[in-house]
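Swiss-Prot has this to say about the protein:
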DISULFID  Cys2-Cys8  disulfide bond
DISULFID  Cys3-Cys12  disulfide bond
MOD_RES   Cys12  cysteine amide
Amino acid sequence: GCCSDPRCKHEC
């Protein structure tokens, strides 16, 4: 998921 991915974590 995005919240676990440093590349898009800022979207959470």
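FYI, residue positions are counted from 1 along the chain as it appears here.
Using the three backbone atoms N, Cα and C, a Cβ is placed for every residue, glycine included.
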Intrachain C-beta neighbours of Cys12 (disulfide bond), sequence separation six or more, cut-off 8 angstroms: Cys2, Cys3
Cβ-Cβ distance under 8 Å to Cys8 (disulfide bond), same chain, at least six residues away: Cys2
All-chain count of other Cβ atoms within 10 Å of Cys3 (disulfide bond): 8
